[in-house]
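Colleague: Below: one structure in structure tokens.
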Ligand SMILES: CC(C)=CCC/C(C)=C/CC/C(C)=C/CC/C(C)=C/CC/C(C)=C/CC/C(C)=C/CC/C(C)=C/COP(=O)(O)OP(=O)(O)O
Ligand SMILES: O=P(O)(O)OC[C@@H](O)CO
Ligand SMILES: [Mg+2]
């Protein structure tokens with residue numbers, strides 16, 4: 001049902017907006033009109049029903065597709081084009097793999113638009129990231145262990161999306177390229193530390209989908225420069 005037809009399979013460049021952070025109408029206009037393929041709304045902390053509804057309704061003035069990455073059950077807001085449910089693969093704390101998600105499914109299971117909802121297998125690879133600290137992720141993984149996680153997520157679990165997450169730090173592109181060579185069905189998302197066009201190009205050569213977050217709030221012009229940079233690079237494999 002999902003894999004080939006899911007909207008995110010067309011996405012090369014995505015901006016991630018955090019409901020916890022302020023963004024002016026002018027900046028939001030620039031992001032939504034930038035030519036990016038989509039916007040993901042998500043954050044690892046401080047995401048509430050109210051700040052998510054508020055951001056969604058502002059983005060909805062534009063045509064750009066908009067997905068919600070649901071990071072807690074209070075922030076499950078109807079009206080998005082797509083929903084991503086993160087499962088952290090490299091943690092020993094089962095609550096972040098299939099604990100909190102199960103609790104949320106007990107509540108929302110019957111109301112979930114399943115055709116527009118996908119699991120995201122997260123590999124959190126920056127020890128300093130807020131998401132790593134929150135979930136107790138074992139972020140310092142060698143190449144063989146990353147490969148083993150990719151086999152598990154792609155070949156055993158058949159997850160539709162694998163997200164190599166370096167939030168706040170530019171990652172090891174050789175590791176990402178190796179993961180790309182290993183995936184057979186999953187879409188490989190990369191995010192973390194992209195703050196200029198050169199890094200965006202490197203990431204676009206290493207992953208199917210490139211996600212740009214924090215630089216939106218730090219340097220809007222640099223953020224906007226990543227769109228053309230990514231879209232100019234041919235899709236790997
Ligand atoms: C009709 C209706 C209500 C529709 C919606 C239905 C729907 C789809 C419901 C979803 C139900 C469900 C199963 C919800 C799951 C909720 C849940 C508890 C998920 C757990 C997610 C998880 C593992 C969170 C841990 C943190 C994490 C991996 C977050 C992902 C996002 C991320 C890493 C953002 C980056 O964070 P940021 O704050 O920007 O970090 P920096 O500080 O480093 O920048
Ligand atoms: O904020 P940055 O470091 O760009 O990372 C983007 C995204 O992967 C965060 O979940
Ligand atoms: Mg962030």
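One-based numbering along the chain as shown.
Quick reminder: no glycine exception, Cβ is built from N, Cα and C everywhere.
Remember, predicted model here, so these are calculated numbers, not experimental data.
When I checked TrEMBL for this same protein, it listed these features:
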BINDING   16, 163, 164, 165, 166, 167, 168, 193, 213, 214  sn-glycerol 1-phosphate binding site
BINDING   18, 44  Mg(2+) binding site
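Tell me about the setting of these features in this model.
Modeller: Sequence-distant contacts of residue 168 (sn-glycerol 1-phosphate binding site), defined by Cβ-Cβ distance under 8 angstroms and a gap of at least six in the same chain, are 126, 128, 129, 130, 192, 193, 214. DSSP assigns residue 168 (sn-glycerol 1-phosphate binding site) to coil in the three-state reduction, outside any helix or strand.
Around the Cβ of residue 18 (Mg(2+) binding site), a 10 Å sphere holds 21 further Cβ atoms from the protein chains shown. Residue 18 (Mg(2+) binding site) carries neither a helix nor a strand DSSP state and counts as coil.
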Colleague: Could you check which of the binding-site residues 44, 164, 168 have their CB within less than 6 A of ligand 3?
Modeller: none
Colleague: In sequence order, what residues of the same chain, 6+ apart, have a Cβ less than 8 Å from the Cβ of residue 44 (Mg(2+) binding site)?
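Modeller: Correct list: 71, 129, 130, 131, 134, 167.
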Colleague: Would you count the other C-beta atoms found within 10 angstroms of the C-beta of residue 166 (sn-glycerol 1-phosphate binding site) for me?
Modeller: 24
Colleague: In Å, rounded, how far does the Cα of residue 166 (sn-glycerol 1-phosphate binding site) sit from the Cα of residue 18 (Mg(2+) binding site)?
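Modeller: On Cα coordinates alone, these residues lie 16 Å apart.
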Colleague: Give me the long-range Cβ neighbours of residue 213 (sn-glycerol 1-phosphate binding site): same chain, 6+ apart, Cβ under 8 Å, in sequence order.
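Modeller: Counting only residues 6 or more apart in sequence, the Cβ neighbours of residue 213 (sn-glycerol 1-phosphate binding site) under 8 Å are 15, 16, 17, 18, 167, 191.
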Colleague: With the Cβ under 6 Å from ligand 1 as the test, give me the qualifying entries from the binding-site residues 16, 18, 44, 168.
Modeller: 18, 44, 168
